[in-house]
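Following: one structure in structure tokens, then a few remarks.
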Amino acid sequence: MKKKTVAQPKSGDGDTVHSPLVTYASMISLLTLCPPFVILLWYTMTAADGSVSETWNYLKQNGVQGFLDIWPRPTATAYKIIVVYGVFEAALQLLLPAKTVYGPISPTGHQPVYKANGVAAYLVTLITYMALWWFGIFNPTVVYDHLGEIYSALIFGSLVFCILLYIKGHLAPSSTDSGSSGNIIIDFYWGMELYPRIGKYFDIKVFTNCRFGMMSWAVLALTYCIKQYEENGKVSDSMLVNTALMLVYVTKFFWWEAGYWNTMDIAHDRAGFYICWGCLVWVPSVYTSPGMYLVNHPLNLGIQLAISILLAGILCIFINYDCDRQRQEFRRTNGKSTIWGKAPSKIEASYTTTTGETKRSLLLTSGWWGLSRHFHYVPEILAAFFWTVPALFNHFLPYFYVIFLTILLFDRAKRDDDRCRSKYGKYWKLYCDKVPYRIIPGIY
């Protein structure tokens, strides 16, 4: 009898993501280590001067009780902020004018239809937030002052949200791209549905990943900047560079949002604890943490250094965008676009769906995609470094996000390669022969 392996329940493609040991280890780690880490990150950044050693000494002296003492209890104010923000973003997702965009056809033959209005939602959100502050209706410093309570509420609220997603996947799946692995832990962790929706138009993953998670990144970047201004009467150049680069990056994301719907996060990873809890909790806390640190560390970089970091960061974000644009245009034109002034080189690949139908794909092997199979991760990691480096090097913790992102993207590149190897077979081998490096040209 063939030994059964634990796999992420994709849309019927049968791919194994990780070994059973890694799957269970990551599940246990996410459930047990990430929630307290979010609280410790917030505490260290806001109450311990960003010093890991100071937090460590506190915990060593006070033990578990000391940790419980610093874990803020969710408050009515925290829940009110989360609910108002969530309802506002959901309303924008549903009600703003939108262009109809079609996602990739899944292995079961299902093609999701999206309402693309991310740029409009992004602009309305930021303009509304700044207007509320400017006219004295709502002070964003309230968000910062209740940040620990907000994170605590998100930790528990997102757990409940993921339980509801699990139940929905069993009782009322939205499409044929759903199903069970036969293991309750794996189903809860990786998810039951690929494209869960409420009604016909409200896509849950678009909400959690884009309109709640990524939008909160921009909102909190502005919040930290405003908090520093209200505390000191001015904003340091280090905070300005950090905020500007984060906003440029998130702006790029929403400009390209329809392209994001073709990526692994949306088209292959199901809506479970792994991705939804991460977008609802990890993104607002860890991804924004360099700005959180700078609130109480108004470092002066000087004009020359500040401009140099800003330009380097913008260049990295542009290259990251141009990588995605190249591939998206290549797909849109069925390989008839130009790449760097010439016709693109490509490999014509075929694959078989779970229903037995033969499909055709084009694999781009020129431009940025000729340098390495996942070259776009290089400028993304460098961009994260450049919006973190204004924190300088007095403390290690601001750089946690850069390290985490590097590990995440390297793991994602491997998972994507494994999935494509299984999907395309001999054509993927041809592709790897032509583009031999996975991420870093000439090295890896």
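Placement of Cβ uses the backbone N, Cα and C atoms for every residue, glycine included.
Any TrEMBL annotation is an automated prediction that lacks curation.
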Task: Annotated transmembrane segment segment (source TrEMBL; candidates 238-259, 392-413) - done: 238-259
Open item on the list: Which residues of the chain, 6 or more past the ends of the transmembrane segment (21-43), have a CB below 8 A from one of its CBs?
Closed with: 6, 8, 55, 67, 70-72, 147-148, 151-152, 155, 185-186, 189, 273-274, 277, 281-282, 285-286, 289, 292, 397, 400
Task: Which of 150-167, 238-259, 271-289 contacts the transmembrane segment (301-321) most, counting Cβ pairs under 8 Å - done: 238-259
